[in-house]
Ligand code: GLU
C-alpha cells in the first residue's frame with residue numbers, strides 16, 4: 001500500500017511552518033487580560049481554494065477569538081444589509097496610517113476613517129440588519145458562521161475581559177455618539193462589538209472565510225451566497241488599503257494582498273478569484289500584527305506568486321480535455337495483439353491537456369486532480385502545448401507532482417511548450433502523439449505485450465485468410481531488410497510491405513515543405529500503395545526508424561499470383577479492403593473519443 005499522496009503544496013506549507021516556528025520575536029497581547037493566556041508557541045497556517053480545498057499546517061485547528069479579523073466580514077454584512085451609500089454616510093474608507101485604536105475622527109463629518117480601525121468597526125457593527133441589539137447580535141454571529149461554513153460560538157470569558165477593560169473603545173464610542181455618527185446606545189454598541197471580536201475561530205475557518213470574500217461572497221465549502229459580489233469586493237478593497245493598521249502601505253508593497261490582522265494573532269489575506277489564506281500565531285510586532293503570520297504570509301505570497309499587482313493569471317478551466325489510453329491512442333499503427341492489450345490496460349495512461357496560464361491556483365488544481373486519481377494510473381501525460389504562461393511556481397508544483405508520482409512508480413511525460421519548461425522528474429516530449437506513443441510502448445513492454453516480430457499468419461492484413469492460403473501466399477512475398485533512415489516505398493514495383501519486425505514512420509510529402517511526422521507502424525502491420533487497389537499515386541514517405549524486416553509484394557509477383565491462383569489474389573484483395581475498412585472504423589472511434 002502506498003502512503004497517502006502528500007501534495008507538494010502541503011510540503012511547502014509544512015516546510016514554511018517548520019522554519020517560521022523558530023521565529024520567537026514579538027509579544028502576546030495582554031491589554032485584554034484573557035488574551036494573555038494564549039500559548040505564544042501556537043502557529044497555524046491554512047490555504048483555502050475557491051473549490052473548497054483546504055491545506056493546513058501546524059495548529060490550524062486551535063480555536064482563538066477572531067478579534068479585529070472580524071471587521072471586514074462584519075463590514076461586508078453591513079454593506080449587504082444597508083448598501084454602500086448608507087454605510088458610507090457613517091463610516092469612511094480612507095486609510096489613516098494610525099494604530100488600530102487611534103482616537104481620531106474625520107474633521108467636519110465626525111465619521112470614523114474606515115471600518116478596519118476600532119472606531120469604524122464599532123459603528124459598522126451597529127449597521128448590520130436588525131432593529132434591536134438582539135437581532136443585530138444574531139445577524140453578526142450567524143453571518144460570521146456563514147462565512148466560516150460552520151456555527152461559531154463566542155468566548156464569553158474573553159468578551160467579558162474586554163468589556164471590563166476596554167476603556168479606550170468606550171471612549172471612542174462616546175466620542176462618536178457625541179458626534180452623531182454612532183446612533184445606537186453606546187453600551188449596547190460596545191457589547192455588540194466586543195461579542196463580535198470574541199467569536200471563536202480556527203486558522204482553517206479564517207482561510208475559508210477569506211476564500212468566501214475572494215470568491216465574490218460564495219462560501220467554497222457550503223456553496224452559500226453569504227454576501228453579494230459587490231459587498232465582498234468592497235470589503236476586500238478596504239482590507240487592501242487599511243487592513244494592517246499603520247503597516248498597510250508596506251504590506252501591500254511586500255505581500256500585495258488585501259489582508260486583515262487582529263490582536264489575538266490572527267491574520268487573513270485574500271487573492272481575489274483564487275484563494276484565502278488564514279494564519280495564526282499570538283506573538284505580535286509593535287504594530288499589533290502577528291510576527292509569524294506576517295512573515296508566513298509574505299513568503300507564501302512570494303513562493304506562490306500571489307502579488308495582486310503582477311500580471312494576472314488568465315483564469316478559466318485549466319483542463320481542456322482528459323483522455324485515457326484505452327480509448328484514445330497515438331497515431332502508431334499497431335497489430336491486433338497490441339491493440340487488444342491497449343484496450344484492456346490502456347486506462348493506466350492518462351492524458352491531461354491543459355490550457356490557460358499556469359500559476360498557483362491553476363497548478364494547484366492540476367496537482368490535486370491528478371493526485372486524486374492515481375489508483376490504477378501508471379503514466380501521466382501533461383500536455384502544456386495549449387497552456388499560456390507557465391510561471392515558475394507552476395513549474396515548481398508540477399515538478400513536485402512528477403517527483404511524487406515517480407516515487408509511486410508513475411511516470412510523468414510533459415508535452416513541452418514553445419518556451420520550454422523545467423520539470424526534471426518528467427520525461428519531456430515534443431508532441432502529444434509522441435508522448436502517448438511512448439507511454440503505450442512502455443505499457444506494452446511492462447505487460448510483456450509488445451511484439452518484436454510478428455509471423456505472417458498473425459499479420460493483421462491476413463488474419464481473416466485461411467491459414468492454408470497464407471502459406472501459399474508466402475511464396476510470392478520477398479523478404480527485405482531496411483536500415484534506419486532507408487525509405488520503404490521508393491521502389492515503384494513494390495506494392496505492399498508487411499512489417500514483420502522493426503518500426504517505420506510515415507511522413508507527408510510535399511506540403512508543408514518540412515516532412516510532417518504522421519504516424520508510425522510496428523510489426524504486424526502493413527503499408528502499401530493504394531495502387532494495389534486503384535492505381536493512385538503514393539503521397540507519403542515511409543522511412544525505417546529501426547532495422548526493419550518486411551515481406552514485400554511486388555507488381556511482378558502479384559501478376560504471377562493472379563495467373564497461378566486468381567482465387568488467392570482475390571482473397572488477398574478482400575483482406576486488404578477489410579483491413580482498410582477496419583482501420584477507418586478505428587479512426588472514427590478515435591475521433592469520437594477526441595470530440596466527446
Ligand atoms: N477587540 C479588540 C479591540 O478592540 C480588537 C483589536 C484588534 O484585534 O486589533 O481592542
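Cβ atoms here come from the backbone N, Cα and C positions, even for glycine.
The model shown is predicted, which means the values in this text are computed figures rather than measured ones.
Per TrEMBL, substrate binding site is recorded for 68, 118, 162, 169, 193, 245, 263. The annotation domain 'STAS' is assigned in TrEMBL to 339-421. The domain 'Cyclic nucleotide-binding' annotation in TrEMBL covers 461-561.
Here the features listed in TrEMBL are placed on the structure.
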residue : record                 : DSSP class
68      : substrate binding site : helix
118     : substrate binding site : helix
162     : substrate binding site : helix
169     : substrate binding site : helix
193     : substrate binding site : helix
245     : substrate binding site : helix
263     : substrate binding site : coil
Item to check | CB within-chain contacts under 8 A for residue 162 (substrate binding site), separation at least 6 | outcome: 32, 34, 169, 194, 197, 198
Checklist entry - Which Cβ among the binding-site residues (193, 245) has the fewest C-beta neighbours inside 10 Å? => result 245
Checklist entry - In the domain 'STAS' (339-421), how many residues does DSSP assign to helix, to strand and to coil? => result 38 helix, 23 strand, 22 coil
Item to check | Count of other CB atoms lying within 10 Å of the CB belonging to residue 169 (substrate binding site) | outcome: 22
Item to check | substrate site span - longest C-alpha distance across 68, 118, 162, 169, 193, 245, 263, in Å | outcome: 20
Checklist entry - 10 Å Cβ neighbour count around residue 68 (substrate binding site)? => result 24
Checklist outcome for this item: binding-site residues 68, 245, 263: those with Cβ under 6 Å from an atom of ligand 1 are 68, 263
Checklist entry - What same-chain residues, at least 6 away in sequence, bring their CB to under 8 Å of the CB of residue 263 (substrate binding site)? => result 29, 31, 32, 35, 67, 68, 100, 284, 288
Item to check | Cβ neighbours within the same chain of residue 118 (substrate binding site) - under 8 Å, at least six residues apart | outcome: 68, 100, 101, 102, 168, 169, 172
